[in-house]
Amino acid sequence: MNEIGLIGLAVMGQNLALNIARKGYSVSVFNRTSEKTKEFLEERVKNEKIEGYHDIKSFVESLKKPRKIILMVKAGKPVDDVIQELLPYLEKGDLIIDGGNSYFKDTSRRIKELKEKGILYLGMGVSGGEAGALHGPSLMPGGSIEAYEMVKDVLLKIAAQTESGPCCTYVGNDSAGHFVKMVHNGIEYAIMQAISEVYDIMRKILKFSPEEIGDVFERWNNGELNSFLMEISFKIMRYKDEETGKHLVDLILDEAEQKGTGKWTSQTALDLGIPTPSLSLAVEARSLSFFKEDRVKLSGKVKKTYPDVKLDKEKVIKDLENALLFSVFTSFSQGLWLIHEASKTFEYNIDLPEVLRIWKGGCIIRAKILDFLREILNENKENVNLLDSDKSISFLMDKLDSIRYVTNLAKEFYIPTLVLSSSLDYFLSMVEGNLPANLIQAQRDFFGAHTYRRIDKEGIFHTEWEPID
Ligand SMILES: NC(=O)c1ccc[n+]([C@@H]2O[C@H](COP(=O)([O-])OP(=O)(O)OC[C@H]3O[C@@H](n4cnc5c(N)ncnc54)[C@H](OP(=O)(O)O)[C@@H]3O)[C@@H](O)[C@H]2O)c1
């Protein structure tokens with residue numbers, strides 16, 4: 001009898017199964033396409049105690065009771081399909097853990113449906129890609145605490161380990177785990193886009209080669225910007241295509257794909273009324289990138305006259321570093337605010353500093369700055385978007401001139417900076433006591449009698465702005 005079952009032997013499932021087995025647990029695995037199970041056992045399993053099954057019944061029967069089954073299958077309908085296949089063989093008290101990038105509302109529904117059948121369910125965000133899954137991912141499990149307790153020991157062991165502890169915690173009730181993973185991905189989209197915008201400026205304005213940009217990125221990675229995304233970016237810059245000998249990044253088509261988590265983050269933020277402009281514009285940037293043909297066609301129709309300026313390259317590089325730090329900070333600020341609001345609305349009971357702690361290792365957005373963000377949040381847990389602190393204001397104000405300069409410079413050279421600019425605008429909006437929303441209210445009242453409130457007296461007002469007949 002094996003201790004853990006795992007279904008879905010694609011990239012993530014294979015590596016997670018090996019990780020679990022290497023921590024001393026016996027694992028049963030199953031994959032819809034049997035061939036993959038065979039290949040996995042033959043090619044990757046060495047001394048690990050992993051057994052493959054080719055039908056779901058014998059897979060379930062191979063597990064110790066109460067059974068603990070991790071799903072690493074494609075998000076969406078496949079998760080429901082697998083649950084339906086499992087159900088006839090499961091018993092009350094068994095536990096299913098969905099480790100995929102499931103939509104949090106699907107997870108809430110599944111938790112409810114399975115609870116009625118006496119089956120426990122955890123929705124667990126897993127971040128770190130294939131290397132993370134193998135060597136230690138960041139795990140974000142949510143659901144009932146009873147379900148978490150059943151697998152806590154395994155999860156804590158297989159998670160990435162940092163000086164602040166294992167990158168796994170009980171995130172909260174219901175779909176809290178998948179919600180936090182979704183926002184993690186939203187922040188990931190924003191940081192990836194911000195890095196790409198900075199790269200674009202170095203490439204097109206400073207005329208740097210990928211090699212030179214790699215050197216700058218590596219330098220930044222040794223400082224405050226130290227992070228997984230910075231690290232892979234400098235490695236990408238230096239990577240040469242075997243076939244052509246050219247830098248591979250220059251040969252990659254500029255159409256960014258997406259699987260949905262970034263879009264869900266923005267949609268949810270809009271639903272909950274929390275401003276996440278940088279996260280949303282990162283999704284928009286990917287959508288814009290997809291219109292390659294139109295972009296190429298239109299670029300030929302626009303005459304671009306570039307300013308004749310002599311730039312101090314070292315200064316621009318310092319400004320770019322500051323601008324990126326500004327954008328990374330404000331992207332986390334927006335994401336954490338959204339998680340906090342969701343925690344209240346859906347009664348998840350999420351501990352935000354704990355979320356930052358489990359993002360410190362294993363995951364794609366792991367970064368040195370997380371310690372600083374935790375420090376700010378730990379000083380005042382009500383400071384949910386991190387902005388209400390002298391430390392954050394001074395951090396951002398130190399970089400304000402840089403991000404202003406960088407975004408203006410980019411515009412002079414016709415370079416779009418959706419995330420960098422929106423990070424700046426988010427901050428400027430949040431520190432502005434008077435926004436022009438008064439005019440919007442007046443317009444709404446003018447054409448739709450939507451009413452408005454005044455700053456000089458209490459009440460709800462409507463004005464006949466002009467006679468309608
Ligand atoms: N890749 C990453 O870096 C990453 C990182 C974090 C989280 N995730 C999430 O982790 C999950 C697994 O990701 P992945 O990249 O390893 O694989 P994937 O490409 O998302 O999914 C492939 C797996 O799903 C199975 N599957 C698809 N439809 C099925 C169905 N109707 N019934 C049963 N099984 C079905 C496939 O089985 P067959 O072999 O039979 O087709 C295969 O095992 C996904 O939710 C993904 O979003 C991925």
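The backbone N, Cα and C atoms fix where each Cβ goes, glycine too.
Please treat TrEMBL annotations as automatic predictions, because they have not gone through curation.
Secondary structure from DSSP puts K74 (NADP(+) binding site) in coil. Residues or ranges marked as NADP(+) binding site by TrEMBL: G8, L9, A10, V11, M12, G13, N31, R32, T33, V73, K74, A75, N101.
Annotation comment: TrEMBL describes N101, S127, G128, G129, H184, N185, Y189, K259, R286, R444, H450 as substrate binding site. Sequence-distant neighbours of H184 (substrate binding site): residues of the same chain at least 6 apart with a C-beta under 8 Å from its C-beta are G125, S127, M140, G335, W359, C363, I364, I365.
Here TrEMBL flags 177-466 as domain '6-phosphogluconate dehydrogenase C-terminal'.
Remark: K181 (active site, proton acceptor) has N101, M124, G125, V126, S127, M140, T261 as non-local neighbours, by Cβ distance under 8 Å and separation of at least 6 in sequence. Positions annotated as active site, proton acceptor by TrEMBL: K181.
Cβ neighbours within 10 Å of E188 (active site, proton donor), excluding its own Cβ and spanning all shown chains: 23. E188 (active site, proton donor) carries a helical DSSP state (H, G or I). The active site, proton donor annotation in TrEMBL covers E188.
Residues from the recorded positions list (N31, T33, K74, K181) with a C-beta closer than 6 Å to any atom of ligand 1: N31, T33, K74. Take the Cα of G128 (substrate binding site) and measure to each of the recorded positions G8, T33, E188: the nearest one is E188.
Among the listed binding-site residues, namely A10, M12, the Cβ with the most fellow Cβ atoms inside 10 Å is that of M12.
A count of other CB atoms within 10 A of each Cβ picks out N31 as the most crowded of the binding-site residues N31, T33. For G8 (NADP(+) binding site), applying a Cβ distance below 8 Å and a minimum sequence separation of six or more within one chain yields N31, L71, M72, V73, K74, V82, G100.
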